[in-house]
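Engineer: Can you keep this structure in mind? I'll have questions shortly.
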Amino acid sequence: MSTTETWISSLRYKGDHLLLLDQQQLPRHTVYINVTTIEQVWDCIKKLQVRGAPAIGIAAAFGIVLWAKANNSLPYDEFKSKLLQQKAYLAGSRPTAVNLFWALDRVTGSAEQARDTEEAVQLIEQEALFIQQEDEETCRKIGEYALTLLKNGDCLMTHCNAGGIATSRYGTALAPMYLAKEKGWDLSVYANETRPVFQGARLTAWELQQAGINVTLITDNMAAHTLKTKNIAAVIVGCDRVAANGDTANKIGTFGLALQAKALGIPFYVASPLSTIDLNTSTGDDIPIEERPAEEVTHFQGEPIAPEGVKVFNPAFDVTPHEYITAIITERGIASGNYKKQLANFFNS
Ligand code: MRU
């Protein structure tokens, strides 16, 4: 993908509104939602219309921008106290991806030095734009580091969607696939469909296909067999929160995939921007795991696929313990082994 080419972006900021790609409608319809209020941003995050850890953070940052612009005539003291209420409000939309809280801290923190409401609004807008830009560069660097672990001709497996539409551009786990394409490499990818809401089938398969990358879709229960029989060089996934010791929360099913990869001696890589690493969370046990509505499991496109009233457990994420992770690929380099020390070092480099 060259810089002159167009790509489908998850969010476009238009000054007084956002255009948010409705990821619930993909792959059938490519529709942008016209978002003008912070309440709409909350709703889009909750309903997975915008999803993927970095994209959630970016959307939340612009949610604060929309609110700040709509309240730019408030006296500064009132603006500051209401800003914190809005931050808490958006923080309540989803609990697991730490990028949400990270981005909210950044945009609200950027206003702390302001002398008045007008300046605060400007600083908030600047910071949100900066977060979005920076994410694109971060993803590209992750892709470059990831390529050092791969070679031309490799076949990979991925889970969920950690692609361009889950970030500003390129994605995290999918970044090496885009960069390989730029280099003329021939990488191929198995994408797990990712029940219950099919981010793999609806989003990853679609995204990679659009980019002309050799992608094959499988159902989740085909993963072990595919790993064993299709000469998979590595599994590469994204993440929602990496604890200080390297334990990693990602889409439900990731842990099972890591166990399978370990049993078969296949490297298991996590692609993670520093914005997804949470040094304040010591281990995976401390990561809050979102539970989502039962209908995601009992229904398919509005039609029931399970008996009415059946009990359902629907955790959206699981935690892969660090000992199952071969390496964590960040924009500052690759950690492998002593994650506690290496991840902390990335923040000081
Ligand atoms: O529930 P989702 O679709 O927001 O879950 C997304 C994932 O688990 C992704 O793998 C993760 O956020 C990384 S996106 C670069």
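From the backbone N, Cα and C atoms, a Cβ is placed for every residue, glycine too.
TrEMBL does not curate its annotations; it predicts them automatically.
So TrEMBL lists these for the protein:
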type	residues	note
ACT_SITE	D240	active site, proton donor
BINDING	R51, G52, A53, R94, Q199, N250, K251	substrate binding site
SITE	C160	site 'Transition state stabilizer'
Engineer: What is the interatomic distance between the Cα atoms of G52 (substrate binding site) and the residue listed as 'active site, proton donor', given in whole Å?
Structural biologist: 8
Engineer: What does DSSP assign A53 (substrate binding site), in three states?
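Structural biologist: The three-state answer is helix.
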Engineer: For ligand 1, list the recorded positions among G52, R94, C160, Q199, N250 whose CB atom is within a distance below 6 Å of it, in sequence order.
Structural biologist: G52, C160, Q199, N250
Engineer: What's the CA-CA gap between C160 (site 'Transition state stabilizer') and K251 (substrate binding site) in angstrom, rounded?
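Structural biologist: With distance taken Cα to Cα, K251 (substrate binding site) is 6 Å from C160 (site 'Transition state stabilizer').
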Engineer: Relative to the mean position of the Cβ atoms of R51, G52, A53, R94, Q199, N250, K251, the recorded substrate site, which additional same-chain residues have Cβ within 8 Å?
Structural biologist: I56, A97, C160, N161, A162, A166, G238, D240, A316, F317
Engineer: Sorry to bug you, but what's the C-alpha spacing from D240 (active site, proton donor) to R51 (substrate binding site), rounded to the closest Å?
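Structural biologist: Between the Cα atoms of R51 (substrate binding site) and D240 (active site, proton donor), the distance comes to 10 Å.
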Engineer: Here are the binding-site residues: R51, R94, K251. Which has the lowest count of other Cβ atoms within 10 Å?
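Structural biologist: Among the binding-site residues R51, R94, K251, the sparsest Cβ neighbourhood within 10 Å belongs to R94.
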Engineer: Within 10 Å of the Cβ of N250 (substrate binding site), how many other Cβ atoms can you find? Include all protein chains, please.
Structural biologist: 29
Engineer: Do me a favour and check the Cα-Cα span between R94 (substrate binding site) and D240 (active site, proton donor); whole Å is fine.
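Structural biologist: Rounded to a whole number, the Cα-Cα distance is 11 Å.
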Engineer: Given D240 (active site, proton donor) and A53 (substrate binding site), what distance in Å do their CA atoms have, once rounded to a whole number?
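Structural biologist: Given the Cα positions, D240 (active site, proton donor) is 5 Å from A53 (substrate binding site).
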